[in-house]
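Q: Encoded as C-alpha cells, here's the structure I'll be asking about.
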Amino acid sequence: MKKEEKFTSNHFKWTLATFFTWTFDLYDLFTILLVAPYISSLFFPSSITFLSIAATYAGFATSLIMRPVGATVFGSRVSDKVGRKRAIFYGLIGLVITSTLQGALPTYQVVGVIAPILLLAVRLIQGVFIGGITAGSHVIGPESVPERYRGIVGGLGFSAAGVAYLIAAGWFFLTTILYPGSSYLVWGWRVMFFGGLLSLAVLGFVNYLVPESEVWTKIKKRGSVVKSPLKEIFSKYRYQLGVALLLSIGWGASFYVTDGILPTFLSSVNKLAKTEIAIVMIIGSIGMSIGPLIGGEISQIIGRKITSLIGAIIVLAVVGPLFLSLGSLKSGDLNQIILHSFAILFLVDIGGGMLMTYLNEIYPASVRGTGVGFTWNTGFAIGGTIPTIISLAVASAGLSAFPSIMFYTLIVVSVIILVGTVLTKETKGTISKEEYEIQKETL
C-alpha cells in the first residue's frame with residue numbers, strides 16, 4: 001500500500017469525530033420524533049390528534065430552519081477561519097445545554113401558551129448550534145482521510161443516523177418500561193431529552209484527542225483563508241450550490257419521510273404499542289446504519305453520481321410500494337412489520353450514503369466548512385418540513401390515506417433526487433487533485 005493510502009491513527013480520530021458528533025446531534029432529533037405522538041398534547045393540545053402531532057413536527061422544523069443560519073455563521077467565522085475542531089466544540093456546548101433545557105420545560109397544562117413558546121425558542125436556538133456543528137463535523141472526516149476511504153467515511157457519517165436511532169430507540173424502550181402508562185407523560189419524555197448529556201463525552205474526545213484537520217492547516221499556512229466564504233460560494237460556485245441543494249433536499253426529504261415519520265406511522269396505522277414501536281425501530285436502525293455504509297463504499301467504486309441515481313430508483317420503485325404494503329398490516333403482524341420497516345430503513349439511505357462525501361468534493365478546502373454546512377442544512381431544513389406537510393395532509397384526508405400519502409410523497413422526492421443527479425458532475429477524486437496542486441505549489 002502506498003504511504004498516502006495508509007489509514008493512520010489520526011485518520012481514525014477524524015473519522016470518529018465525524019461519526020460520534022453527528023450521532024449525538026441526531027439523538028436529539030430522533031428523541032422528539034419518537035416522543036412526538038405522546039407529548040404533542042402536552043405542548044400543542046388539540047381535539048384533532050394529527051393537528052397536535054403536526055404542530056409538534058412544526059416545532060421540530062423550527063430547529064431545522066435555523067440550521068443554515070448556524071452553518072453559515074460557524075462555517076464562515078469558525079470552521080473556515082479558526083478550524084474544524086472549534087466549530088464542533090462550540091456547537092456541542094450549545095447542543096448539550098439546549099437538549100437538557102427541553103427536558104426541563106413546563107407543559108401547556110402548567111403555564112398555558114408560554115409552554116409552546118418556550119419550546120419553539122429553545123428549538124430555534126438549538127438549530128443554530130446544530131448547524132454550526134455540521135460546519136466542522138461533516139468536513140473533518142471526509143476531507144482528511146486518504147482517497148481510498150473517502151466514500152466509506154462519508155457513508156459512516158451518514159450511518160451515524162442509524163446508531164443515533166438505535167441509542168434513542170433503546171433509551172425510548174427503557175423509559176417506557178421505567179415510566180409506564182400516564183407516568184410517561186410526566187417523566188418519561190423528559191428523561192429522553194436528558195439523554196443528550198451523553199454528548200459531553202464526545203465534547204471531551206474532540207477537544208482533547210482529535211487533531212485539527214491537516215487540510216485546513218495547510219490552507220492556513222498558505223495564507224489561503226478566504227475573507228468571506230459565503231460570498232465566494234454564491235459568486236464562484238453558484239451552479240454547484242444549486243445542484244447540491246437539489247440532492248440535499250431530496251436525500252434529506254427521503255430521510256425524514258421514512259426514518260423520521262415511521263414511528264408515527266407505526267403508532268397510528270399499524271396500532272403498535274410504545275414498546276413494540278421501540279423494538280421495531282431498534283431493529284430497523286441496524287438497517288439504517290448499514291445502508292449508507294454500503295452506499296458510501298459503492299460510490300468509491302462506481303462514483304457518487306451513479307450511486308445517487310441507483311438510490312433514487314430504489315426509493316421510487318421499492319421503498320414507496322413498501323409503505324403501501326406496510327399500511328395493510330396490523331399489530332398482530334409484528335414480524336412482518338419488523339421486516340417491512342427494516343427493508344425501508346435499509347434501502348432508503350443507500351443512495352444517500354454518498355452525500356456527505358459528495359458535498360466535500362464540490363467545494364475547495366478554503367470554503368468547505370461553510371459550503372458543506374450551508375448546503376447540507378438548507379437541504380435538510382427544506383426536507384425536514386415534509387413530516388409536517390404529511391401530518392396536515394393526513395389530518396385533512398383521513399388516517400386511511402396515510403400509506404398513499406407516503407407513497408406519492410416518495411415519488412416526488414425521488415424525482416427531485418433524479419433531477420439533481422442528472423445535473424451534477426462526477427466529483428470522486430477532486431479532493432485528492434486539490435491536495436496534489438497544493439503540494440506542487442509548496443515545492
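Each Cβ is built from the backbone N, Cα and C atoms, and glycine gets one as well.
TrEMBL lists these features:
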type: DOMAIN; residues: 14-428; note: domain 'Major facilitator superfamily (MFS) profile'
type: TRANSMEM; residues: 12-36; note: transmembrane segment
type: TRANSMEM; residues: 42-66; note: transmembrane segment
type: TRANSMEM; residues: 87-105; note: transmembrane segment
type: TRANSMEM; residues: 117-140; note: transmembrane segment
type: TRANSMEM; residues: 152-174; note: transmembrane segment
type: TRANSMEM; residues: 186-210; note: transmembrane segment
type: TRANSMEM; residues: 237-257; note: transmembrane segment
type: TRANSMEM; residues: 277-294; note: transmembrane segment
type: TRANSMEM; residues: 306-325; note: transmembrane segment
type: TRANSMEM; residues: 337-359; note: transmembrane segment
type: TRANSMEM; residues: 380-399; note: transmembrane segment
type: TRANSMEM; residues: 405-423; note: transmembrane segment
Q: Do the transmembrane segment (12-36) and the transmembrane segment (87-105) come together with 3 or more C-beta pairs under 8 Å, pairs six or more apart in sequence?
A: yes
Q: Do the transmembrane segment (337-359) and the transmembrane segment (87-105) share at least 3 Cβ pairs closer than 8 Å, excluding pairs fewer than 6 residues apart in sequence?
A: no
Q: Across the domain 'Major facilitator superfamily (MFS) profile' (14-428), what is the average pLDDT of the model, as a whole number?
A: 92
Q: Mark yes when the transmembrane segment (380-399) and the transmembrane segment (42-66) have three or more Cβ pairs under 8 Å (sequence separation 6 or more) and no when they do not.
A: yes
Q: Is it the case that the transmembrane segment (380-399) and the transmembrane segment (186-210) touch, counting contact as three or more CB pairs under 8 Å in which the residues of each pair are 6 or more positions apart?
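A: Per Cβ check, the transmembrane segment (380-399) does not touch the transmembrane segment (186-210).
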Q: Is the transmembrane segment (306-325) packed against any residues at least 6 beyond its ends, judged by a Cβ distance under 8 Å, and which are they?
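A: Sequence-remote neighbours of the transmembrane segment (306-325) are 247, 250-251, 254, 258, 265, 295, 298-299, 340, 343-344, 347-348, 350-355, 358, 403-404, 406-408, 410-411, 413-415, 417-418, 420-422, 424.
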